[in-house]
């Protein structure tokens, strides 16, 4: 605040206009214009008239940039919402979570732990974890998990399957039946109770 007070004293008010409605307009020596409204809202227009900053009495701040992007800071939520002219909207939360909303309906969420979740307009969801694990959830609910070591898991309404890096594939069906295909060509099938019903080498 000390720095701000010093700066304010250095910025001389060249002209001050008081309007009948209670609005006050100040023209500063550096060319900026500041309008103060009776409700406490302040509107600052840069000297080159390219940046407009509106400070509301509740602490919110709205900034209109030269490229017409609008940055809005919500004081209560400590959240920044930026709307770009191309339709991209970016939200930044106080916990460092960032959400991007694209014009095509795609959403990208970057969590504080660097996990990235993408929600596509066609219903596909992809999550990228910092350890290299990728989880894809199809619109129909099928889930594919690809682990950083190359193993994969597939979850559908009919079965859960684990694909190991050595070529072994283990499938558990919704009725409890298990099927394991080894890289050697051996196949084992167990019934719902876990009894071995086929062991083909």
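Glycine residues also receive a Cβ, built from the backbone N, Cα and C atoms like all the rest.
In TrEMBL this protein carries:
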DOMAIN    12-45  domain 'Centromere protein J C-terminal'
DOMAIN    85-113  domain 'Centromere protein J C-terminal'
DOMAIN    122-155  domain 'Centromere protein J C-terminal'
DOMAIN    160-189  domain 'Centromere protein J C-terminal'
Local confidence of the prediction over the domain 'Centromere protein J C-terminal' (122-155), expressed as mean pLDDT: 95
Other parts of the chain folded back onto the domain 'Centromere protein J C-terminal' (85-113), taken as Cβ under 8 Å at six or more residues beyond its ends: 67-69, 77-79, 119-121, 130
